[in-house]
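Here's the structure we're looking at; comments come further down.
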Ligand SMILES: [Cu+2]
Ligand SMILES: [Cu+2]
């Protein structure tokens, strides 16, 4: 009896050990380039480990049963007439409920840290009409939000391109340039069908919907060039609908901005 | 209004064609209709599989070079629509439901045999129509979700034929659902209590409730969409003041339950197969029943988890996260119960058993990624990527299709009176299992790292992993060959099966193989313990 | 594959078994009506959502006139009552009375449809004018389709309840009961539709 329990505990701890080892050492995600990304990766790691424990555990249980309880050639008759075990069934109702509830609360916390539960405010000078309905998006904040002035960009998507309008400089760009470590606030609207704005390295995605503006706020943390991918089927060239986001040092960004700025318009 | 007919009047079998010709007739025999569903569904599976192969060939290279881009979108739309509406839903509901449910309730046919035949005969024409739309002006190319405004702006004829076809298939599904509910509730043999029914009855009851409650909403939505396309209304057309997100709500109100319409019957079937081959009673019958009903109720209130990146307010995201994650609890109960059913049994390792165990492993994996996808912050990154593609193929292929094959291995002796070849069956399982996991497991990584779904071209850094996936798809395509050979050889000269080759206790095995027209020569047997393995009753042999 | 030799015996058995079952055709019909009701529920949900989040463009707010739909509500409610009368009469083997009530019910249905068409022609908006107009026509049109079907079925059963050669009598009530249930359902949907569309 002791022997049996010993093996059970050994196997369970092995499953846990393997799951934790994989969870901490196998990286399935791309680079982290926004303040969203590490938060997301934290959630991913937790879910990955819990998932591995359950998956490896169940797989071992199934394969072990198939092996241990297989019918030998000389055997006849049935297995034990066990029709259920109420306390066991209660256990595997309650424990998953608790796990699921904890995961839900935790992911709520993650979502809150990403700014998902925040009131969506898009401090855009040109957006005067308060009645305009903003449907959804992520309103991400960083600690030094107040100290820096937000960068406001208007994104319009169409088959099959993104256009980025910098109202302060009164110019439109096909490439999204943003300075590192500053909050960017985007108001997005589609000209035709539904598109989606996705930057895998930022772990953010938001549909761009015709007729309904959506908001996406983020803060890049790493200098570099990342792909912007359209993630909603939008027509034949959907796969080719990509753009780039260039995160650069503030000085580089200002240089680029001033080069493109149209001077003649003074409001 | 109803096409309801007394079962008494359906016995004019002498007027029906005999032999294999029966399967091309408007037969009212539930067993014939079941086989019609299965064979028809399998033919569409081959078509859908061919389309899937075309997709995997296109994706073997990062450029869009195998077919024109708009054709690629037609292929992926048809692949999704055919696999869902013409293969999985009709087979796992219509085929096995029609064949087994009357046996399980101790009846000689379904409650409304004529309605039943109508429901089946709606399928081949609408399926053919859907396939033929490719040759008109090109098939629909807005994906199986047909999101407007894309579905309004793509070529109209294809989209309209698609809508018409899905409406007919939805009608077929509703007729089937009504029939199953009436048969299970009202046509039970006297003395047979609800809590004595085999689990598949409960699964079909739950599924049919979902069909009846949610499919009409899809029908209404598609009618509105067709108005937008033909009559220039603006329900979902933002140019005319419409709202595209309303379509998504209505569409997913059906299409999330549709996942359970595809999966719950598989849960029922595996609950029939495991006890027979493990020689043990189904573990926790009562909790199984309650978990099915729990899934039905929860399944109706989680649809917006498909819309976390669409325009949905934050509170809605939160509610749908929690509700969706909680479906894992009743689903988890079922899986623990199945493993407990295996535990301590005398398990015959045969094709049916292996496919069922493959199902458990694949579905647990798909379920875990499902719980992860239910979390809003997690979903925001991977929504509409290959991660989602991988997830739902683990559910519908690794889950349901594995069970369809398991069920074919299990019930083939009953239907034909011949045994399938076990060696070929196990070979079939091995390459299906390897091919499936090789095809879809790498796609999780693709999605996480930046490959969106429904694309014909992609970043070259993903080429190697995509080629592995395509290799897996090739194996899956090949795996059909031993299966088909097995079926053809066994139908012709398979080993005689006898009435009850598995020594099973559920009622369909208590009659001859193949069963007579009215199921039993005498009165229908009263099976009070369909899972009474290990008790005196089944110890005799 | 199967032997049909014993079909006679089976047939006997079969009718014996079936005698022990109650008539479940009504059950099937109710299930179907629940499904049909869900279609309406989808339309209502869409209408209410549009109303909440997609306000009409300026100058496009139409006040719906109430007299005709109120009259229509009364017509349908009365027709439900007359249909009920028809059923009672048939149960007492008063076939000609039943037939009269049925024709009267169908007549009310036809008046309802006429009024509906009259309203359509006098509304200040057309199908494609705006979201409200489209939803209005979709909802009332889909309901009108149900009324049309119901009226046709009432005419058929009225014809079948004639004394000589008709199929309906106190022993075979199912067709009448089925259409009656359907008619009450259509009636109930109209009341909900009237409240949501005209009164809210
Ligand atoms: Cu796009
Ligand atoms: Cu879903």
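In case you wondered, yes, glycine gets a Cβ from its N, Cα and C as well.
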Correct range for transmembrane segment (source TrEMBL, candidates B:394-412, B:508-526): B:394-412
Would you please say which range out of B:4-29, B:160-185 has the annotation transmembrane segment in TrEMBL? B:160-185
For the transmembrane segment (B:160-185), the distant same-chain contacts (Cβ-Cβ under 8 Å, at least six residues beyond its ends) come to 77, 81, 85-86, 89-90, 93-94, 97-98, 101-102, 105, 107, 110-112, 115-116, 118-120, 122-123, 125-127, 129-130, 132-133, 136, 139-140, 146, 197, 201, 204-205, 207-209, 211-212, 215-216, 218-219, 222-223, 225-226, 229-230, 261
Averaged over the whole of the domain 'Cytochrome oxidase subunit I profile' (B:14-528), what is the pLDDT? 91
